[in-house]
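Remarks on the structure that follows.
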Amino acid sequence: MKWYLWGAVVLLYSLFGSACSTEWRYDLSAYGLSPVENVDNAPAMARALEQIREKCEENQTIVVTLPKGRYEFYPDSAAERVYFISNHDQMNPKKVGLPFEGMKNMVFDGQGSELIFHGRMLPVSLLDSRNCVLKNFSIDFKHPQISQVKVVENDTVNGGITFEVAPWVHYEIRDSVFVAKGEGWELTPGSGIAFEGDTRHLVYNTSDIPVGVRGLIEVSPRLIKSPRWKDNRLVPGTVIAMRSWERPAPGVFLYHDVNTTLENIKVHYAEGMGLLAQMSENITLDGFSVCLKGADDPRYFTTQADATHFSACKGAIISKNGLYEGMMDDAINVHGTYLKVVRRVNDSTLVGRYMHPQSYGFEWGRVGDSVQFIHSSTMELIGARNRITAIKAVDQPDYRGAKEFEIRFENTVNPSIHEGSGFGIENLEWTPTVLFSDNLIRNNRARGSLFSTPRQTVVENNVFDHTSGTAILLCGDCNGWFETGACRNVLIRKNKFINSLTNMFQFTNAIISIYPEIPDLASQRKYFHSDIVIDANEFITFDRPLVYAKSVDGLVFTNNIVKQNKEYPAFHWNNYRFYFQRVIHSKIENNYFDEGFIRERDVLEENNGYDI
């Protein structure tokens with residue numbers, strides 16, 4: 001089989017090479033880009049990329065180079081675009097620093113450059129492009145919207161916390177309220193994440209904390225007393241990232257692309273996700289990181305949300321050799337989006353709606369796409385698969401900005417599917433295979449990784465180090481986030497889990513949490529997830545729960561090593577190594593537990609009368 005694969009690679013290489021026999025090189029310094037401090041490179045970059053795009057042809061490769069340096073970009077003169085981006089606030093228009101659009105066979109090489117952005121911007125976008133590589137640069141913002149402070153004193157007797165504001169944070173105390181400020185924005189933080197000052201781990205059993213930003217007394221510049229802030233867990237030296245819940249734009253945005261590689265890119269901050277890819281095919285991340293600037297970086301945080309996020313993509317997603325740390329959500333999230341059925345027009349036509357306020361306005365499906373239908377209360381499939389023969393936006397001229405689509409199907413839709421009982425439509429065409437390997441995930445909020453795709457998913461050779469919540473989540477939800485779908489082929493092998501689950505967040509029932517949202521589990525007769533193998537991993541943990549699973553047909557846990565420590569007190573409500581709800585065809589064999597394994601003590605099975 002390897003010889004066949006190698007032959008296919010050689011054939012593809014020869015075809016691609018013959019199609020792109022001419023190489024054109026463009027040095028962006030010739031277009032006026034300058035690494036001089038306070039020089040705005042946004043207009044020159046926009047002009048350069050537009051001129052280069054016009055020269056893209058099928059039979060040539062374009063290499064665009066940026067001489068190594070520190071380049072600044074300001075929003076006022078940047079390219080302006082209307083983008084509807086999955087899982088982000090739909091704030092438009094957006095100011096884009098590097099708008100790559102309509103590119104073919106293009107390599108952008110930053111040669112180690114630092115790209116520094118001001119205000120609120122979308123740093124890099126790649127749209128409607130094919131066979132493109134972005135590599136060798138970093139993304140950061142001059143004034144992040146997250147305000148970092150350090151606890152100097154905590155009066156646990158009388159109450160009140162005194163904190164020091166990091167030197168790069170612009171702020172004022174306005175009518176005794178902390179107001180963070182930047183170019184074109186200001187906000188008062190509403191929540192915070194607490195980090196241990198010496199280790200950078202999230203503080204044990206804190207999760208999202210309220211922050212004392214009102215009724216303040218400024219003792220001296222950058223030294224502030226908050227008399228009402230009472231939290232004994234925040235000892236002096238604790239570093240707190242005070243934040244809002246806004247996420248206007250990611251660091252990198254991919255849309256309608258085919259065959260994209262992101263290589264040796266570091267995102268140090270973005271107000272949304274590090275990378276958001278939607279409706280794109282075949283994406284490779286190699287050395288793409290959302291990370292600090294090394295061990296001496298005074299910052300403790302990176303992105304406001306997920307490090308990487310893939311919504312309604314297809315082909316292969318490969319993510320390897322990355323470092324993900326300090327972000328406020330998952331290192332990777334792969335899913336599609338259910339449309340909720342809001343009207344049955346006739347027996348072959350339905351109207352479906354995007355339901356989450358951060359997920360609408362982008363293309364959902366195309367003629368010929370295969371779909372299936374699901375009952376949201378039980379998450380069971382209803383009727384047979386079908387195929388789209390026509391799709392149009394209902395509330396907009398086209399899909400841009402649309403929330404509702406009228407969809408005509410090839411065959412009659414099951415008569416039980418209508419607007420009254422909660423049904424979702426899942427697009428099966430836009431579902432990828434996933435390889436997530438050789439990554440380091442550490443010191444982040446929420447979860448380490450999240451996968452919701454029916455195609456093969458392999459998670460291997462990763463280190464999940466103090467991910468604070470669940471390390472791996474297999475989800476599926478047609479009720480809140482409306483993120484598809486069922487996992488049918490998952491292999492989790494040769495990973496190392498170090499003290500995950502020091503905090504509680506959504507869906508964090510164990511280190512590996514298989515947690516579809518099923519409101520009426522008691523009425524479910526089928527199973528949502530299937531064929532999940534957890535093999536040859538090492539778990540180093542202070543607490544009990546290893547695997548939680550709900551509605552699974554086929555779960556294997558073999559050849560794993562479990563080591564117990566006392567680095568934190570056990571606190572999780574789940575006291576079982578394995579907690580199964582409606583799980584059949586499960587196997588737990590050939591594992592090593594340094595404290596032993598007793599099935600009656602370590603396994604809880606709730607199957608509602610179904611056989612195990």
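Each residue, glycine too, has its Cβ placed from N, Cα and C.
Summarising the annotation, Swiss-Prot assigns N-palmitoyl cysteine to Cys20. Residues or ranges marked as S-diacylglycerol cysteine in Swiss-Prot (evidence: sequence analysis): Cys20. Residues annotated as repeat 'PbH1 1' in Swiss-Prot: 431-453. According to Swiss-Prot, the repeat 'PbH1 2' annotation covers 454-476. Positions annotated as repeat 'PbH1 3' by Swiss-Prot: 487-536. Taken from Swiss-Prot, the feature signal peptide covers 1-19, and the record attributes it to sequence analysis.
Computed over the repeat 'PbH1 1' (431-453), the whole-number mean pLDDT of the model equals 99.
Across the repeat 'PbH1 3' (487-536), DSSP assigns 3 helix, 17 strand, 30 coil. Across the repeat 'PbH1 1' (431-453), DSSP assigns 0 helix, 12 strand, 11 coil.
With helix defined as DSSP H, G or I and strand as E or B, the repeat 'PbH1 2' (454-476) counts 0 helix, 10 strand, 13 coil.
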